[in-house]
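Student: Sending over a structure as structure tokens; questions will come in a sec.
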Amino acid sequence: MGKSRGDKYRDATDGKKDAKKDLNELKQELAMDEHQISLDELYARLGTNPDTGLTSEQAKTRLDRDGPNALTPPKTTPEWVKFCKNMFGGFSLLLWIGAVLCFIAHGIPCWCAGEPYLYDNLYLGIVLAAVVVITGCFSYYQESKSSKIMESFAKLVPQYAVVIRGGQRIDAPAEALVVGDIIDVKFGDRVPADIRVIKASSFKVDNSALTGESEPQTRTAEYTNENPLETKNLAFFSTNAVEGTCRGVVVATGDRTVMGRIANLASGLEMGATPIAREIAHFIHIITGVAVFLGVTFFIIAFILGYYWLDAVIFLIGIIVANVPEGLLATVTVCLTLTAKRMASKNCLVKNLEAVETLGSTSTICSDKTGTLTQNRMTVAHMWFDNKIFEADTSDDQSTANYSRASSTWMALSRIAMLCNRAEFKPGEETNPVLKRECNGDASESALLKCVGLSIGGVTGYRTDKPKVAEIPFNSTNKYQVSVHQTDDGDERYLVVMKGAPERILDRCSTVLMEGQELHMDDQWRESFNNAYLELGGIGERVLGFCDLRLPADKFPRGFKFDIDEPNFPIEGMPFVGLMSMIDPPRAAVPDAVSKCRSAGIKVVMVTGDHPITAKAIAKGVGIISDGNKTVEDIAAERGVPVSQVNPREASACVVHGSDLRDMTPAQIDEILENHSEIVFARTSPQQKLIIVEGIQRMGAIVAVTGDGVNDSPALKKADIGVAMGITGSDVSKQAADMILLDDNFASIVTGVEEGRIIFDNLKKSIAYTLTSNIPEITPFLIFILADVPLPLGTITILCIDLGTDMVPAISLAYEEAEDIMKRMPRDPFRDKLVNERLISMAYGQIGMIQASGGFFVYFVIMAENGFWPSRLLGLRKQWDSPAINDVADSYGQEWTYTQRKRLEYTCHTAFFASIVIVQWTDLLICKTRKNSIYQQGMWNHHLTFGLFFETTLAIFLSYCPGLEHGLRMMPLRWTWWLPVLPFSVSIFIFDEVRKKFLRTLPPGNWVERETNY
């Protein structure tokens, strides 16, 4: 039995509900307990053996059941669908309708009379169709170029993994891993699946792409947190192992991994229309409304005036088509493409042309911290020794060091940092500046290595001369690292060096090194230590303590066997040497970029997975939290009261912890967004980033989200515009984004915002310029119907304007320099439209009417010079257009044949065309600016100067080129017929300069602004 229609409908509805339900489930925090239960219980659940792993048969069965360990590729739009969207979407649809109407207008006389009266409508229909096809192909080509760049990015999935199968240690393709496999991961590998750690040796992973934490995270077999993303006994698919080794059991593969869930969350989100797409749709509604209104009105008038119904229908179609700005689709496409190219040269790759303008509409930027605002490179920022805090010198020549590099305490501190350190420079990096050298090892240890490499130099040789004989690696229980070294400095004693958490190091020290002297550790010194530790930790820096000790030669002679499992050498009673603190520093250009955003009315919100203290410190460093603005915690600390006693609305800044966000309702999130101007969200999960973006969008903001990690991809997809990082960004984030920063620099976004605002302004100018000539193109047709005069302007001539003389000048406005755009508030997408009633009023009702008046003046002048006074022209249409009448008398009684009349009519068409070109000169100049005088703006846009030259040259060519009187019905003009329209052109310039003077000088909100400022 087949399903009834009702059943099918219910199935479809249920499918949508299920999809929505699945998406809501993905938005929930991770629900898993594999990290909480004991290992034995986990082995039993997964049916595996920690020593022998799975058998080949078990692995094959599970692979068949669960599928390969790979992320399902995101659904891509078929190329033919992309092509059709460019061919039939938005503005193209209006032109297609125009083309169809032209074919109908051509076909009606053919159908009724057996042969067409004129081929104008056929030509117009063909040209309209050609315009759509050419611009559609052009847009498709631009988008496909961007997608090819996207396809060239590296693949995410690791290729091979070391797995225990049937007791054998083998290399297997990562895609063949299944739940229950026992795998080994070592330094340099990419974790091939979600694993529960069974045992680990100094194992650290870089989780920055997944959680946003800039420091490598230690992974051990112990369960430390109920949150799967924060516990130490889980390592996740596609994160990188940066130190040590680990054995683990696979608990999830493919789409069921944390990475897979996030990727599915991103691909499951629905994307709304871009602001520019909504603007173009709004514009089409306006143009269609005006066209249909005029068409129907004059159809009724023509009917009342006694026109035959067939003629009235052709009039109706003609007026609708005359309202269609044929060249505007090409103009908008080319303008967006030019801006996209300009942005690409400034390191912004636009995947979708419409995203160009969206960035300019942005009112809130949600930025990731690690790698976007910061350099994703841990750097030593401060040192504390000899009871003073010193700023680290990061200059290549060490010219800004404010401490003595010869200080014995500094030499001792740098010696420990060099020796108690597993990081090393990669081979072949010797010729590069120290700060730019690639390192193998932990990010913090690499920072120490570069710091002492800059200050002391020769790290590799120094280590060779002082070989390591024993080492206790750092672990999360002891929180320190110890190594024992032989030295070549004439001292036969072994040197023990130690670094770690400052409080743990302090516990193992009884004296302190001060200016080369070993002194007793008193309470005053301890207070200084605590103050320094709190100060450095309070600005978000990771602080490490350092100490060393010479072992007595009689007890520890050369060749002594050191035991690291149960140390047989002293690791207490050591002299404390100093502190060194590190931070992932902000990018140099970011503070200025944030300042520009603020002056442009754009709110910058930090959303990071990193620690709140670090996030707050970076936010203050880059200006997201301004100087003087305080959080609730700052106010409470100042007053010496609990945080609960401070009204949150007193604080303009706010740092929200992910654990607090988890328990908030949408209304509470909205309250935070409304009441705080400067916001930092820290320790957020990918699901929470998405919820934050949705909350900001609920406030009516247009949101741009920046990020490089997989954890950013759902938010990137949901945002009005997602901006991914090209260098450090994951493939998942690049797929989800609309734009890619090729240099990973937040400052490039501000460039993008500026370009987006410029293009919105310049598109307005182009549209205003293009629409204005619609009135002198439509009114001849209306007068032709109402006054029954010979047609002042032909259809073919209109095409010469729309697709000829107007095109290059309209496109040249895309190059116009900005007026105060980065000092304005972001545009309100609901009120500040690309085409609003004020623009229509200016283009159609004011400038357009002056242009039409100029055209009619020229028309009547030429007719009068040839004997037809205006009074004689009224009601003359039927006689004039009849091929059978060859004796139409003019005002002086001279008789005109049909051929003579048509030659005069085509001369009038050409003159009307020339007059439109001349008034469009001035229209182009006044469209250069929206408020500034042309004398303020200047004529520095050379493309516009070329546009003026081009349209004039083309008009002269079309008017005087032999043979065009047959193809385009263009007749040579007397030079005097170019002159009558000049006063109208000058009056347009004077009118608009006076209007702009009022806009600049009258108070904001004045009537001129309300009525004419588009």
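The backbone N, Cα and C atoms fix where each Cβ goes, glycine too.
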Student: Looking at 75-97, 604-626, 834-856, I want to know which stretch Swiss-Prot calls transmembrane segment.
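Tutor: Range annotated as transmembrane segment by Swiss-Prot: 834-856.
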Student: Cα distance, ASP708 (Mg(2+) binding site) to ASP368 (active site, 4-aspartylphosphate intermediate), nearest Å?
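Tutor: It is 8 Å, counting Cα to Cα.
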Student: Counting only pairs at least 6 apart in sequence, do the transmembrane segment (942-960) and the transmembrane segment (909-928) share 3+ Cβ pairs under 8 Å?
Tutor: yes
Student: Using a threshold of three or more Cβ pairs below 8 Å, and leaving out pairs closer than 6 in sequence, do the transmembrane segment (124-144) and the transmembrane segment (313-330) count as in contact?
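Tutor: Checked: the transmembrane segment (313-330) vs the transmembrane segment (124-144), in contact.
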Student: Per 10 Å Cβ neighbour count, which of the recorded positions ASP368, ASP708, ASP712 ranks highest?
Tutor: ASP712
Student: Report, as numbers and ranges, which residues of the same chain sit near the transmembrane segment (909-928): CB under 8 Å and 6 or more residues beyond its ends.
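Tutor: Contacts of the transmembrane segment (909-928) (Cβ under 8 Å, skipping residues fewer than 6 from its ends): 765-766, 768-769, 772-773, 776-777, 780, 791-794, 797, 800-801, 805-806, 809, 812-813, 816, 847, 850-851, 854-855, 857-859, 862, 934, 937, 941, 944, 947-948, 951-952, 955, 958-959, 969-973, 977-978, 980-982, 984-986, 988-989, 992-993.
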Student: DSSP-wise, what's the residue breakdown of the compositional bias 'Polar residues' (49-58) into helix, strand and coil?
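Tutor: Helix (H, G, I), strand (E, B), coil: 3 helix, 1 strand, 6 coil.
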Student: What are the DSSP helix/strand/coil residue counts across the region 'Disordered' (48-73)?
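Tutor: Going through the region 'Disordered' (48-73) residue by residue, I get 11 helix, 1 strand, 14 coil.
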